[in-house]
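Visitor: Please read through the structure below; I'll follow up with questions.
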Amino acid sequence: MILNSRSILQMAASALPQDISDAELVGLARTAMKRAHCPYSKFPVGAALLTESGDIILGCNVENASYGGTICAERSAVVSAVSQGHTKFRAISVVTELSEPASPCGLCRQFLVEFGDFKVIIGTAFNSKTLITSTRELLPFAFTPESLDTFEQEKSSAMAEISATTKEHDVAEVSS
């Protein structure tokens, strides 16, 4: 288990409920992994997503012959959760058959951080090794909904400044 001080503070704010441990969430991700449809890569991945309300949504990777149609386990779990009305999450566990914990791909990192900063438990199918981090640590400097809010605020400020400058210019022309 790898923790840093930022992770520890974040975990305190979004700790798992007492009735489920990190190990149990990893176990559920292992169960989901067994359902993976991966006839091309032969690389099964499972995910167990803990919603803010305490529900656990499972996901697995589902491959497609047109590779772009493939969906990763993490996105599978999130899409299923959202379709059930959940958009706030406390933790996700992701498991592969590698001997060391394997981080989510870049697309999944972006997809997860869209829903906020929450605990990420990365495990393996065959041993108890885990890596504990957060969505923000997986994707530092992420482009998030807050980025779009900032853009809208900056755009509004710029438009107001342009409007004020145009009015000043128009007044100056009329008085000439």
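Note that Cβ sites are derived from N, Cα and C of the backbone, with glycine treated the same way.
Predicted automatically and left uncurated, TrEMBL annotations should be read as such.
So TrEMBL says this about it:
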type	residues	note
ACT_SITE	Glu74	active site, proton donor
BINDING	Asn61, Val62, Glu63, Asn64, Ala65, Ser66, Tyr67	substrate binding site
BINDING	Cys72, Cys105, Cys108	Zn(2+) binding site
DOMAIN	20-146	domain 'CMP/dCMP-type deaminase'
Visitor: Taking only the Cα atoms, work out how far Ala65 (substrate binding site) lies from Cys72 (Zn(2+) binding site), in Å, as a whole number.
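Guide: Each residue's Cα considered, Ala65 (substrate binding site) and Cys72 (Zn(2+) binding site) end up 14 Å apart.
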Visitor: When DSSP states are grouped into helix, strand and coil, how many residues of the domain 'CMP/dCMP-type deaminase' (20-146) land in each?
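Guide: In the domain 'CMP/dCMP-type deaminase' (20-146), the DSSP-based counts are 40 helix, 34 strand, 53 coil.
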Visitor: Counting across all protein chains shown, how many other Cβ atoms sit within 10 Å of the Cβ of Val62 (substrate binding site)?
Guide: 16
Visitor: Sequence gap of 6 or more, C-beta under 8 Å: which same-chain residues meet both conditions with respect to Asn64 (substrate binding site)?
Guide: Thr70
Visitor: Of the recorded positions Asn61, Ser66, Tyr67, Glu74, which one has its Cα closest to the Cα of Cys108 (Zn(2+) binding site)?
Guide: Glu74
Visitor: Could you measure between Glu63 (substrate binding site) and Cys72 (Zn(2+) binding site) for me? Cα positions, answer in whole angstrom.
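Guide: With the alpha carbons as reference points, the distance is 8 Å.
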Visitor: How many Å lie between the Cα of Cys105 (Zn(2+) binding site) and the Cα of Asn61 (substrate binding site)?
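Guide: Checking the Cα atoms of Cys105 (Zn(2+) binding site) and Asn61 (substrate binding site) gives a distance of 12 Å.
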Visitor: For Asn61 (substrate binding site), which residues in the same chain are close in space, meaning a Cβ under 8 Å from its Cβ, but six or more apart along the sequence?
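Guide: Spatial neighbours, sequence-distant, of Asn61 (substrate binding site): Ala36, His37, Cys38, Phe43, Pro44, Val45, Thr70, Ile71, Cys72, Ala73, Ser76.
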Visitor: Determine the most Cβ-crowded residue among the binding-site residues Ala65, Cys72, Cys108, using a 10 Å radius around each Cβ and all protein chains in the structure.
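Guide: Counting every other Cβ within 10 Å of each candidate, the maximum falls on Cys108.
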Visitor: If you count other CB atoms within 10 A of each CB, which of Glu63, Glu74 wins among these recorded positions?
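Guide: Answer returned by the neighbour count: Glu74.
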Visitor: Per-residue pLDDT averaged over the domain 'CMP/dCMP-type deaminase' (20-146) comes to what?
Guide: 96
Visitor: How big is the gap, in Å, between the Cα of Glu74 (active site, proton donor) and that of Tyr67 (substrate binding site), rounded to a whole number?
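Guide: That comes out at 17 Å between the alpha carbons.
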Visitor: I need the most crowded of these binding-site residues: Ser66, Tyr67, Cys105. Count other C-beta atoms within 10 angstroms of each C-beta and give me the top one.
Guide: Cys105
Visitor: Taking the centroid of the Cβ atoms of Cys72, Cys105, Cys108 (Zn(2+) site), which other same-chain residues have Cβ within 8 Å of it?
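Guide: Residues close to the Zn(2+) site, other than Cys72, Cys105, Cys108: Val45, Ala73, Glu74, Arg75, Pro104, Gly106, Leu107, Arg109, Phe111.
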